[in-house]
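Student: Next up is a structure, given as structure tokens.
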Amino acid sequence: MERCVVKVRRVRGGDQNLPCYMTVHAAGMDLCADLVDDLVLNPGERKLVPTGLAIALPDGFEAQIRPRSGLALKHGIALVNSPGTIDPDYRGEIGVILINHGSEPFVVRRGERIAQMVFAPFARAELVEVDELDETARGEGGFGHTGR
């Protein structure tokens with residue numbers, strides 16, 4: 001398991017909890033909503049939820065913002081751009097774009113865990129333009145090519 005040191009800043013000061021791993025083997029840290037007032041997310045509606053946090057990642061690492069499975073299963077709450085990517089040179093507040101795919105309004109409260117943040121190394125590619133690509137068994141088989 002690769003480790004990285006991530007600097008974190010509370011954007012508005014505040015006393016909100018910093019993200020943390022909820023279990024010893026968790027891959028993601030839970031991110032919480034940093035709200036003054038409750039936020040109501042009606043069915044079909046999407047809103048940007050502030051976390052009150054900004055981070056500085058080491059070079060070669062990204063932070064992926066992912067949905068929480070419990071919110072998805074129990075309430076139909078998902079992330080519009082999943083995963084969201086925080087680049088190592090971004091220094092602004094982390095926001096989470098939530099959408100309500102459920103049938104009931106969902107209330108987001110201050111301090112509620114709304115997403116997970118997973119840190120991952122990444123590679124920067126060098127693109128080489130060619131006239132043809134190597135053949136593979138799959139070829140150009142796309143969506144659903146192996147069955148249903």
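Residue positions begin at 1 at the first shown residue.
Note that Cβ sites are derived from N, Cα and C of the backbone, with glycine treated the same way.
Annotated substrate binding site per Swiss-Prot: ARG68, SER69, GLY70, ASN81, THR85, ILE86, ASP87, in sequence order, evidence recorded as sequence analysis.
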Student: By a 10 A CB contact count over all chains shown, which of the binding-site residues listed here is most packed: ARG68, SER69, ASN81?
Tutor: ARG68
Student: Count the Cβ atoms, other than its own, that fall within 10 Å of the Cβ of ILE86 (substrate binding site), considering every protein chain shown.
Tutor: 21
Student: According to DSSP, which kind of secondary structure is THR85 (substrate binding site) found in, if we only use helix, strand and coil?
Tutor: strand
Student: Per the record, substrate is bound by ARG68, SER69, GLY70, ASN81, THR85, ILE86, ASP87: how many Å separate the farthest pair of Cα atoms?
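Tutor: If we measure all Cα pairs in ARG68, SER69, GLY70, ASN81, THR85, ILE86, ASP87, the largest is 26 Å.
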Student: Could you find out if DSSP has GLY70 (substrate binding site) as helix, strand or coil?
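Tutor: Once the DSSP labels are grouped into three classes, GLY70 (substrate binding site) ends up as helix.
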Student: Which residues in the same chain, at least 6 apart in sequence, have a Cβ under 8 Å from the Cβ of ASP87 (substrate binding site)?
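Tutor: Once residues fewer than 6 apart are set aside, ASP87 (substrate binding site) is near LEU57, GLU62.
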Student: Give the sequence-ordered list of residues that share a chain with THR85 (substrate binding site), lie 6 or more positions from it, and have CB atoms under 8 Å from its CB.
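Tutor: Residues satisfying the criterion: GLU62, ALA63, GLN64, ILE65.
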